[in-house]
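Reviewing the structure listed below.
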Amino acid sequence: MRIASFNINGVKARLPRLIEWLEETRPTVACLQEIKSQDEGFPADAFEKIGYRAIWHGQKGFNGVAILADGVEPVETQRTLPGDPDDDHSRYIEADVNGVRIACIYLPNGNPVPGPKFEYKLAWMERLRARMRELWDQEIPCAVVGDFNVIPEDKDVWSPKAMAADALMQPESRDAYARLLGDGWTDAIDTLNPRGGVWTFWDYQAGGWQRDHGFRIDHLLLSPELADRMTAAGVDREYRGREKASDHTPVWVDIAG
């Protein structure tokens, strides 16, 4: 079973690239972020034509998340992140696929720092931790994946100095992410690539891709039931270099059985 995540940066704008990736790599589950589409505009038919069923939580112009499953219907279990009834951002969706609970997240960016956007980010991370604890207590195989907008350590960025003032690298952001790992979740990419230097994002500006000025903010967190069966994890880096690419590249983990 391959569980993948891809911040597509506009599902309609990148649809040819997305279909290309799905057909070439064929993940069992593909979680998408920043679909930037209202619910009624989501191109579910295009995915069905290549064998994928989907659920999604859209929003006009920004945000938006989706879960695609190869050959089966994802069974939705949660559509928003609990804990704040006034939060109307489409950043969380959760489903069961082939006996695995999949949570797809698009965590707030948090810039500028300080400010209300950063406070919202930290509050969202606390709500996420609470939900992940609920999932943990259910003792089911679970993966929480997506764009976390957190650079966990200095080894996960091309230049810590250049990014030092960014919300992605603030001590509060990193500490909140570290608490998730401290609760027992496994960061798949980091576990199998402990030396770092693995990027999932390159900015469109200032030749980020061409100069390899990247960093790792897209993560795959696994419960023990999945971490014990993990056989490989990686980044489909080549898709960042294709025409009309997202500024992110897909990340994935393979689970035995």
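Here the Cβ of each residue, glycine as well, is placed from N, Cα and C on the backbone.
Matching Glu34, Glu40, Glu119 to the Mg(2+) binding residues that TrEMBL gives (Asn7, Asp147, Asn149, Asp247, His248) identifies Glu34. For Asp218 (site 'Important for catalytic activity'), the Cβ neighbour count at a 10 Å cut-off comes to 24, with all displayed protein chains included. Asp218 (site 'Important for catalytic activity') falls within a strand when secondary structure is assigned with DSSP.
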